[in-house]
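Input: a single structure, listed below in structure tokens.
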Amino acid sequence: MISSKGKYFFTSESVTEGHPDKVADQISDSILDAILAQDKDARVACETLVTTGMAFIAGEISTTGYADFQQIVRDTIREIGYVHSDMGFDADTCAVISSIDKQSVDIAQGVDRNTPESQGAGDQGMMFGFACKETEALMPAPIYYAHKLSRKLTEVRKDATLDYLRPDGKTEVAFEYLDGKPVRIADVVIAAQHDDGIEQGQIYEDIKREVVLASLPAEMIDDATKIYINTTGRFVIGGPMGDCGLTGRKIINDTYGGMGNHGGGAFSGKDPSKVDRSGAYMARYIAKNIVAAGLAERAEVQVAYAIGVAEPVSVLATSHGTGEVSDETLTKAVKEVFDLRPWYISERLDLRRPIYKPSACYGHFGRNNPNFTWERTDAVDDLRTACKI
């Protein structure tokens with residue numbers, strides 16, 4: 001957690017959908033969605049590795065449905081934009097290899113119960129949720145605007161505004177803070193994959209105009225703001241040809257950009273019985289409602305589970321000193337308002353649906369997507385009542 005006193009800088013990064021790790025995340029979540037569309041009670045843990053000319057799918061899936069892995073992988077890669085062999089990764093010609101087993105019976109016996117309500121957690125672990133008043137989405141400003149840059153970088157590629165761009169890319173935004181509030185953008189960093197033969201000067205001016213200045217709030221940029229674009233001077237080789245990509249390697253990008261804590265669990269490719277995903281979504285939902293209720297400027301929620309046990313082993317809600325009530329009162333209110341057993345989380349947030357592929361890039365939180373139910377603020381009144389405010 002960052003300080004609430006003095007002047008300091010905080011930086012977060014985002015990546016585009018063509019980044020190799022995000023290619024892997026999107027493939028994993030596309031497979032998850034294909035299965036949940038047929039079998040909402042499926043158990044899915046799907047991992048993906050992508051490298052030059054190959055995608056490898058592995059994991060454990062127990063379902064009554066069927067997923068055409070070959071077609072899903074190729075369609076996902078094509079949609080991202082890897083459609084030419086000179087990129088080293090082509091939707092139509094890459095090898096697709098799969099090795100899928102059923103969910104372990106040892107895990108299944110801890111999750112499955114005679115009644116859905118008593119469903120145990122799919123694993124042990126701790127999950128965190130965070131919210132703050134820095135942006136309208138109640139997200140930290142650095143990650144919020146880093147994602148805006150990444151989305152814009154993809155947009156100007158796909159609509160051919162900058163038709164020489166390729167799918168891979170990364171962004172980074174450093175904010176200057178004063179007494180806990182973001183006051184200006186100090187630095188912007190962008191790496192954008194491009195066709196061979198494009199001059200660095202053109203790339204810099206185009207991206208500065210079409211991406212940076214078009215995405216970031218003008219009042220936060222001043223003459224001292226530094227903008228770095230493709231600082232090696234060349235970014236032609238990228239995507240899975242440039243780096244091997246794996247599911248679950250962008251967990252800070254997926255959450256709060258390093259602000260607040262992270263339990264370590266990844267999201268993509270996991271059905272909601274995995275509390276790595278559903279627990280983190282619920283923690284965000286709670287934290288966002290705490291802030292939206294005016295109970296705190298910042299809120300962080302931790303929930304922890306034991307495998308096979310429905311009730312969490314611990315729950316903590318903290319305002320990091322910004323609250324209208326004590327952390328003890330806040331935590332008690334959270335326990336009163338929210339049922340944190342896995343089945344009830346899935347029911348309250350309606351998670352057993354094919355909604356996950358859009359979450360696999362540009363962040364799981366702070367998004368204006370009606371399917372992202374964990375972004376609703378419909379528990380505000382209940383929390384205020386429980387806190388006796």
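Just so you know, glycine gets a Cβ as well, placed from its N, Cα and C.
What Swiss-Prot lists as ATP binding site is H19, D168, G169, K170, R234, F235, D243, R249, K250, A266, K270. Marked as Mg(2+) binding site by Swiss-Prot: D21. Feature annotation from Swiss-Prot assigns K(+) binding site to E47. The L-methionine binding site feature in Swiss-Prot is assigned to E60, Q103, D243, K274; the stated evidence is sequence analysis. Annotation source Swiss-Prot lists region 'Flexible loop' at 103-113.
Projection of Swiss-Prot feature records onto the structure.
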| residue | record | Cβ neighbours (10 Å) |
| --- | --- | --- |
| H19 | ATP binding site | 29 |
| D21 | Mg(2+) binding site | 23 |
| E47 | K(+) binding site | 21 |
| E60 | L-methionine binding site | 16 |
| Q103 | L-methionine binding site | 21 |
| G169 | ATP binding site | 29 |
| D243 | ATP binding site | 16 |
| K250 | ATP binding site | 24 |
| K270 | ATP binding site | 27 |
| K274 | L-methionine binding site | 24 |
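A Cα-Cα distance of 7 Å separates K250 (ATP binding site) from the residue listed as 'Mg(2+) binding site'. Among the residues the record lists as binding ATP, namely H19, D168, G169, K170, R234, F235, D243, R249, K250, A266, K270, the two farthest apart have Cα atoms separated by 36 Å. Proximity to E47 (K(+) binding site), judged by a C-alpha distance within 10 Å, picks out E60, K270 from the binding-site residues H19, D21, E60, Q103, R234, K270. Look at K274 (L-methionine binding site): DSSP puts it in coil. Comment: L-methionine site residues E60, Q103, D243, K274; largest CA to CA distance 30 Å, whole number. H19 (ATP binding site) sits 25 Å from K274 (L-methionine binding site), taking the C-alpha atoms as the reference points. Sequence-distant contacts of R234 (ATP binding site), defined as residues of its own chain at least six apart whose C-beta falls under 8 angstroms from its C-beta, comprise Q200. For the pair Q103 (L-methionine binding site) and K270 (ATP binding site), the Cα-Cα distance reads 12 Å. For the residue listed as 'Mg(2+) binding site', the nearest neighbour among the listed binding-site residues (D243, K270, K274), judged by C-alpha distance, is D243. Comparing E60 (L-methionine binding site) with K270 (ATP binding site), their Cα atoms are 10 Å apart once rounded. Following the DSSP three-state reduction, the secondary structure of D243 (ATP binding site) is coil.
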